[in-house]
Amino acid sequence: MHTLNFLRRRRTKDSGNPGTSSPSNPSSPVTPTAPSSSEQATALRGPSRPSTASQSTHRSSATASQPHGWPTEAAVAEQQQPQHSMSTLPAQQPPYPVAQHSPSPATEPQNVPRIANLINPPQQDGSVGYQQPGNYYATNAPYNGGGLLSQPQQQQQQQQNHHQQSQHQQQHQQQHSEQQQHQTHQPVQHHTQQHAVQSEGRVTKGRYSLADFEMLRTLGTGSFGRVHLVQSRHNHRFYAIKVLKKAQVVKMKQIEHTNDERRMLSEVKHPFLITLWGTFQDPKNLYMVMDFVEGGELFSLLRRSGRFPNPVAKFYAAEVTLALEYLHSKNIIYRDLKPENLLLDRHGHLKITDFGFAKRVTDKTWTLCGTPDYLAPEVVSQKGYNKSVDWWSLGILIYEMLCGYTPFYDSGSAMKIYENILRGRVKYPAYINPDAQDLLERLITADLTKRLGNLYGGSQDVKNHPWFAEVTWDRLARKDIDAPYSPPVRAGAGDASQFDRYPEETEQYGQPGHDEYGHLFQDF
């Protein structure tokens, strides 16, 4: 078997814009930092392919034209059959009409190849790539600091903190008394209380206000609101604020999913997951301050490329596998895996975003939610499901990256897609790598006793599959491997050229008024 070198090699030095200095860690929007040394944080945008919550089955697509400058050398020759580079891929017509979905001429990206990073040996100085420090979130976590809150807000916050401290002291005294009286039973109770505290995650409520940011432009729109690129007035770094209209969230019956998204994002910490820095609200809207991920959606890159070479699809699939493994270790099901929810940072690594359908499940759940093309048969049939649905979706994602379309697509309606899923017949093109096809057959199977990821070995069964044999998992987890593609963005400049242009919001945020739905979103 050939060796997929770029999945083993260490990262080379950052080859971004000369003279651009950026620290290894993005910081909270309230951390004072000189503009010249600002780190690009990352961004979020509404999906191009609607989920079932929007009751739409239209698949936004783009012409299968190859992006200018794609690293053609990333396609490594396969042992049993030749693997074409991106520039020599045979034209494959997807079995559905392909719509136009490309950026406006003013923002059309000029993709710069970074293939040299894939084949060059490590630097002589022994430098390695990104590694998440252990104290990253502790030192960069947002805080309610001086100057951020008005005087009444500060007094209210101090009163709340004092009240919470008093309650904590009372609880501690009560626990101490109970421990003396019921010493044999207290260890179990103490363990349960600790677990409950850990599951609450980071406190995000009321961390910021609109006055802390300058609104720059819209990055994406969705059924409930939109995402804006913003710049912190305190450290001058760039972030993305997801704005959700309360009335629309209530109308679409997405209250639980919206609160779950905030809760799940406050509990997760992983290099391949988006970071939620804080939340706040006004009488009309909910606000979520997140990373700005400059490179745009993997969906856009896939549509411009038609389909990915085997090594490129493998790289992205491996990073998604690590993210799912982490989420499942915390009993979180993601439930909305698709290219639209995978963003590329400026180095080309993935960030999973949009946790609206994520849910903590220890046994089973029955909710029908997600994107029709990616739903597992047990979700469609509403028999109850668990983490296994994410591994099915991983199989659909790999198939779409390799083929350019999903295996159960139908242009008619969602019901047709559901029928295809329950029928379970998958056609594999001849150009798919044999190991890749074997993995797909073990992921896209309705038999839960055979689906990889759902067996006794869990995620290790997926990672140990021959298709991933070249992957050095510990280095990949540290981002110590060059990505096959780096978006052409200017670091530290709030470069949003990889995102389409949208009409800007005409309604002004932060207006006073009656808060009709505030009681439904108390954690914001």
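Heads up, the Cβ atoms here are built off N, Cα and C, so glycines get one too.
Going by TrEMBL, these are the annotated features:
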- K242: ATP binding site (BINDING)
- 15-38: compositional bias 'Low complexity' (COMPBIAS)
- 49-66: compositional bias 'Polar residues' (COMPBIAS)
- 78-91: compositional bias 'Polar residues' (COMPBIAS)
- 101-110: compositional bias 'Polar residues' (COMPBIAS)
- 120-142: compositional bias 'Polar residues' (COMPBIAS)
- 151-198: compositional bias 'Low complexity' (COMPBIAS)
- 213-468: domain 'Protein kinase' (DOMAIN)
- 469-524: domain 'AGC-kinase C-terminal' (DOMAIN)
- 1-202: region 'Disordered' (REGION)
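In terms of DSSP helix, strand and coil, the domain 'AGC-kinase C-terminal' (469-524) has 8 helix, 0 strand, 48 coil. Classification of the residue listed as 'ATP binding site' by DSSP places it within a strand. Using a 10 Å radius centred on the Cβ of K242 (ATP binding site) and all shown protein chains, the other Cβ atoms total 28.
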